[in-house]
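Enquirer: Before anything else, here's the structure in question.
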Amino acid sequence: MITLCAFANTADDIKVIKQQDREVIERFKSYLNINTVQPNIDYYPAVDFLKKEAKRIGLESDVVEIVKGRPHVIIKWKGRDPSKKTVMLNSHMDVVPADPAKWNSDPFEAFWDLTNNNIYARGSQDMKCVGMQYLEAITNLKAQNFVPERTVYVTFVPEEEVGGHGGGMNDLVKSPHFDKLNVGFGLDEGLASPDEKFEVYYGERVAMWGIIEATGAVGHGSAFIKNTATEKINRVIQQIFNFRSSQEQELALRPNKRTGDVVSINLTSMKAGHTKDCGETYQMNVVPRTAQVGFDIRVTPHVPIKQVDEQVNKWASEEGVSIRWVQRSEEHHVTDLNDEHVKVFLDSLKSANVTFNTGVFPAATDARFLRAKKIPIIGFSPMNLTPVLLHDHNEYLNVDVYLRGITIYENVIKSITK
Ligand SMILES: [Zn+2]
């Protein structure tokens, strides 16, 4: 028997929601209610919630801490053949900060707007939805007496939003705990898509963060001094923006290209000015000896990292100009779309009439650590007809989109665990 609950925001707007779906949504809301905002997160309330969820479904769970206070929750659904490589369904527990003043509701209340059937919460798209959808899909499959051939690990990891280091996925993959999982294929986060087609990611751009510093002549602020640091850094900035425009144009001229297909660069810091004793006040009549800019480059796998490296070195080739890298990767790791597991995954989407684009994730996710270990990983968050609001104000997910995502995962899990 199906019980129906009726909700009304206004007399002429009545939503009827099945009791079973309401329970599913309440569980999603409960996870969203747990504050896991970076930095210095107390993860244990989320860990306790997930352990209880595992128990509800009838699955074993394990908590692994490579770094104290940075727990990974690993939920195991035992397959019929433990000798086979396993499937990893990954999501991260942490979320980015939300400014309540810019939101229409408390970001952790998980406000259910019944007029539009949307749930507003930090993490509703990135990516508490995905973690709960995995668990709901398994709940439904177990109710159908489905038993996977391969073992499935549903992993909830910390510290993704701060780069996956300091006890996050970067450290988990290097630990013996990870080797024991024997992962052969995995899913991790993707992005929402505003239209009907879903987004499937087989790779991501690599980040190169650097600082270019110029040193030049100093002197009185009233003189025409030659070779100043600020003149030199100005030439660097111009070259950076010329390059930035060329990439932006390439994106604009080719409608089939997406952000993940080009190289992006942004100036993220600028510093110059003479200060006494490193004070806060600048000496306004002194031409400073140094000037520097910091930048964030994201290199698409379609462009060799070496090529970008040479480009940046050219910008910093003038006398008195130098470059220092804060963080950079030396290699792209992409998942082969012809890999047998990936083909099964894509076929499972097609058989469920899910249309999709395949592409390169524009930013960084934990998938990069797994791809570096040659494990095929696909980035996929089943959110179509949804504006991309990750890290934005009033992040939300529509309830129907969320529920359809669970059905999609049921189909996907049935296929990829064979
Ligand atoms: Zn995320």
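Note: Cβ is positioned from N, Cα and C throughout, glycine not excepted.
Copying in the features that TrEMBL gives for the protein in this structure:
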| type | residues | note |
| --- | --- | --- |
| ACT_SITE | Asp94 | active site |
| ACT_SITE | Glu160 | active site, proton acceptor |
| BINDING | His92, Asp126, Glu189 | Zn(2+) 1 binding site |
| BINDING | Asp126, Glu161, His391 | Zn(2+) 2 binding site |
| DOMAIN | 202-321 | domain 'Peptidase M20 dimerisation' |
Enquirer: Below 8 Å Cβ to Cβ and six or more residues apart, same chain only. Which residues does that give for Glu189 (Zn(2+) 1 binding site)?
Expert: Asn90, Ser91, His92, Asp126, Met127, Val130, Thr365, Asp366, Ala367, Gly379, Phe380, Ser381
Enquirer: Kindly assign His391 (Zn(2+) 2 binding site) to one of the three DSSP-derived states: helix, strand or coil.
Expert: coil
Enquirer: Around the Zn(2+) 1 site formed by His92, Asp126, Glu189, which additional residues qualify by having Cβ within 8 Å of the site's Cβ center?
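Expert: For the Zn(2+) 1 site the neighbour list reads Ser91, Met127, Val130, Glu160, Glu161, Asp188, Thr365, Ser381, Leu390.
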Enquirer: Among Asp94, Asp126, Glu161, Glu189, please name the recorded positions whose Cβ is nearer than 6 Å to ligand 1.
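Expert: Listed by sequence, the hits are Asp126, Glu189.
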Enquirer: List, in sequence order, the residues of the same chain other than Asp126, Glu161, His391 whose Cβ lies within 8 Å of the centroid of the Cβ atoms of the recorded Zn(2+) 2 site.
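Expert: Same chain, not in Asp126, Glu161, His391, Cβ within 8 Å: Val95, Val96, Gly123, Met127, Leu390.
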Enquirer: Of the residues in the domain 'Peptidase M20 dimerisation' (202-321), how many are helix, strand and coil by DSSP?
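Expert: With helix first, then strand, then coil, the domain 'Peptidase M20 dimerisation' (202-321) has 42 helix, 39 strand, 39 coil.
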Enquirer: Mean pLDDT over the domain 'Peptidase M20 dimerisation' (202-321): what is the value?
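Expert: That region's mean pLDDT is 94.
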Enquirer: For a quick check of understanding: among the binding-site residues His92, His391, which residue's Cβ has the most other Cβ atoms within 10 Å?
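Expert: Compared across His92, His391, the most Cβ atoms within 10 Å surround His92.
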Enquirer: With DSSP assignments reduced to helix, strand and coil, which class does Glu160 (active site, proton acceptor) get?
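Expert: Its secondary structure by DSSP: helix.
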Enquirer: Which one, from the recorded positions Asp94, Asp126, Glu160, Glu161, has the smallest tally of other C-beta atoms lying within 10 Å of its C-beta?
Expert: Glu161
Enquirer: Using a 10 Å cut-off between Cα atoms, which of these recorded positions sit near Asp94 (active site): Glu160, Glu161, His391?
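Expert: Near Asp94 (active site) by Cα: Glu160, Glu161.
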